[in-house]
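Novice: Before I ask anything, let me first share the structure, which is written out below as structure tokens.
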Amino acid sequence: MMQQSGVVPPQMAPMPIDPQQQQYQHAPPPPMNQQQWMMLQAQQQQSQAAAMPPQLWPQQVPQAAVPPPQYSASPASGSDEIRSLWIGDLQPWMDEQYINTCFYSTGELVSVKVIRNKQTGQLEGYGFLEFRSRATAEQVLQTYNGTLMPNSEQNFRLNWATLGAGERRTDDSPDYTIFVGDLAADVTDYLLQETFKPHYLSVKGTKVVTDRTTGRSKGYGFVRFGDETEQMRAMSEMNGALCSTRPMRIGPAATKKPIGGGQQYEKGHREALISGACN
DNA sequence: TATGAGCGA
């Protein structure tokens, strides 16, 4: 009766705080507001970057009007209800407690669920994080994704939890992807992007494929271009070029997903087209 | 070496 569900009670309005009688109402984590926390994250990111070699620095895009690279687009198309993130690439020992520790500093983590196999009880390697607000989840996504996980040699892999809402890519342009093999073991998404981005402005994103169980690179990856001309140019120009310590071997990527904006042909249609051509 | 991606038991 004190508060309605789903409605923020007006009692949260700022009230004068008596310093000698300051007490928390009921929440154990320090009541840090979002603004403070974002500043804290920024500082943390800076200090991290200062301790990292330049090729590992988070990508800073100088231009203002640049489309978001990967996961920054919010899936909420109209509603702000998605507050959960999917987390993958977890090792078998990374349980709820570990993940809680990783994100405790946000003070906004509501719950953690790590999925385990029903028979074996082993962790399936992914889980879900729920935050107090979608804005918080988005901050976590952008701040943590791709950064090193504590006590491990691999990076966080985060994304929005779908829950049937599905993530709408507002990107209507198709991707032109190349396969990059022969990568050195230390090549990351960032380094791969750093290698291509300066030469090809249409680079949308890169992915180094990692072994889910070990977290180590499988030695190959992908680079997505927005421009087909640059894709083809890169295939000839960057083949054999050095990335980290080894020359890359570049080939066409087998498209696992046809096209972002266009409609794909079904097999029947394609066969119909072929037979129609012979007819 | 090789063609990504994993969503709540």
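Using the three backbone atoms N, Cα and C, a Cβ is placed for every residue, glycine included.
Pulled these from TrEMBL:
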| type | residues | note |
| --- | --- | --- |
| REGION | A:1-52 | region 'Disordered' |
| COMPBIAS | A:33-52 | compositional bias 'Low complexity' |
| DOMAIN | A:83-163 | domain 'RRM' |
| DOMAIN | A:176-255 | domain 'RRM' |
Novice: So what pLDDT does the domain 'RRM' (A:176-255) average out to?
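Specialist: Value for the domain 'RRM' (A:176-255), mean pLDDT as a whole number: 92.
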Novice: Using DSSP, what's the helix, strand and coil tally for the domain 'RRM' (A:83-163)?
Specialist: 22 helix, 28 strand, 31 coil
Novice: Helix, strand, coil: count each for the residues of the domain 'RRM' (A:176-255), based on DSSP.
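Specialist: For the domain 'RRM' (A:176-255), the helix, strand and coil counts are 18 helix, 31 strand, 31 coil.
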